[in-house]
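As structure tokens, the structure follows; a few thoughts come after it.
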Amino acid sequence: MKIMLPADSKMHSKAFTFGVATASFQIEGAVDYRLPCIWDTFCATPGKIRDNSDGSQACEHVKLWREDVDLIESLGVDAYRLSISWPRVMHKDGSLNPQGVAFYTDLLDELNRRGIKTFVTLYHWDLPQHIEDNGGWLNRETAYLFADYADKITQAFGDRVYSYATFNEPFCSSYLGYEIGVHAPGLATKAFGRQSAHHLLLAHGLAMKVLQKNSPNSQNGIVLNFTPCYSATDSAADVEAASKADQYFNQWYIKPLFDRCYPEIINDFATEDMPVIEQGDFDIIAQPIDFLGINFYTRAVYKADPATGFSQIDMVDKPKTDIGWEIYPQSFTDLLTSLHALYPLPPIYITENGAAMDDKLIEGKVDDQDRLEYYNAHLNAVNNAIEQGVNVVGYFAWSLMDNFEWAEGYLKRFGIVYVDYETQKRTLKASAHAYRDFINARK
Ligand code: IFM
């Protein structure tokens, strides 16, 4: 199977950026050369990671990064999206760690030498543990520490970076990490979810000011994930349930960026669950952004629930990926067109999209036609949104290679490149060949 878009698609143009994405904790390994982070602690807590694994080895990218740059170049992509490990580049006292900084400057220099645009995310979930010990994202002070880290690291990187994102998926850090506890740091209190989300957004606003000052020539923005919410039936109660879920899980993170407030659902909160918001916070949060990064994987369907307001229903018998997420590409188009209608969006990069599949390495090959079908359908869904007027300017496959999939450990494979964790051999899957051929065929 090939990736096929309509002949007149704007995505065939060289002006459209195609890339692959990774994140520090998921690929780097080399834990001895950095401070401990919240994911080290979480992995060491029994029962948190399905295969009891951790990030100590991962894809050994710190050791193998030169080969990985060769791999990226071999795919013919325009761009590589990576994240910086805060605990690798900063000492406890808040000064830069030159060894950690050198790892990234060497990597960025090599990518630039090969003409691969560098998309850098400053925070993809690996908060230094000593900051968590002081309250982590529940402590307002962490937002200011993040801005300080952003200031120092962007000065050190100089003009090496094409694009900076402050955060990757603040929803996951706050909701999964502090509200339901399935991600690090594993806290499970409703009020914690909302408070940490507010501090993450505040940190984004503070850091945006730093980025625009230190790196005015970069494309600076934020990456948000969205799981579009649909109602199980047309009943008014279910429609309202889906709207509430959407406000809580999706709009919560984007609305303050443009409208300087949280969605209406905040009025339903009990007093003890209200986040503390200081005067002027929304003005800090709503900094102009040069781009919005959107991560999309699946949708969710909701019905009314008298106890909680909304509850998600399992889409039994619908096609799903190996991680159990429904495959429903139409919702990608719906998402992009609805956000376009709701907000004055800057140019959009799809900063993540992809699928975990039950890959089999047979005689040195992985024939992942299921993943390839997913990519084909979702790239066409993006194209449909562009045809309806949405300004999408780039797309990144998640992920360059199989890696540590958080609470799932190494059990779920999202890569277009297969990683044998024993030997660290990388093998291009059929999806990688198709992505490469599609990108290289552009006029
Ligand atoms: O692997 C993650 C990534 O770190 C953030 N976005 C979703 C991916 C798949 O779960």
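Every residue gets a Cβ built from N, Cα and C, even glycine.
Note that TrEMBL annotation is computational and uncurated.
Some features that TrEMBL has for this protein:
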ACT_SITE  Glu169  active site, proton donor
ACT_SITE  Glu352  active site, nucleophile
BINDING   Gln26, His124, Asn168, Tyr297, Trp398, Glu405, Trp406  substrate binding site
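Here the features listed in TrEMBL are placed on the structure.
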residue	record	contacts (Cβ under 8 Å, 6+ apart)
Gln26	substrate binding site	Gly55, Ala58, Cys59, His124, Ser399, Asn403, Phe404, Glu405, Trp406
Asn168	substrate binding site	Ala23, Ser83, Thr121, Tyr123, His124, Trp125, Val223, Gly293, Asn295, Thr351
Glu169	active site, proton donor	Trp125, Val223, Leu224, Asn225, Asn295
Tyr297	substrate binding site	Asn225, Thr227, Thr321, Trp325, Glu352, Asn353, Gly354, Ala355
Trp398	substrate binding site	Ala21, Asn295, Glu352, Asn353, Gly354, Phe414
Determine, for the substrate site, the additional residues of the same chain whose CB lies within 8 Å of the mean position of the CB atoms of Gln26, His124, Asn168, Tyr297, Trp398, Glu405, Trp406; present them in sequence order.
Ala23, Glu169, Glu352, Ser399, Asn403, Phe414
Over the residue list Gln26, His124, Asn168, Tyr297, Trp398, Glu405, Trp406, recorded for substrate, what is the maximum interresidue Cα distance in Å?
18
Trp406 (substrate binding site), Cβ-centred 10 Å count of other Cβ atoms over all protein chains shown, is 23
Using DSSP and three states only, what is Trp406 (substrate binding site)?
helix
Mind telling me which of the recorded positions Glu352, Glu405 has the densest Cβ neighbourhood, counting other Cβ atoms within 10 Å?
Glu352
What does DSSP call Gln26 (substrate binding site) in the simple three-state scheme?
helix
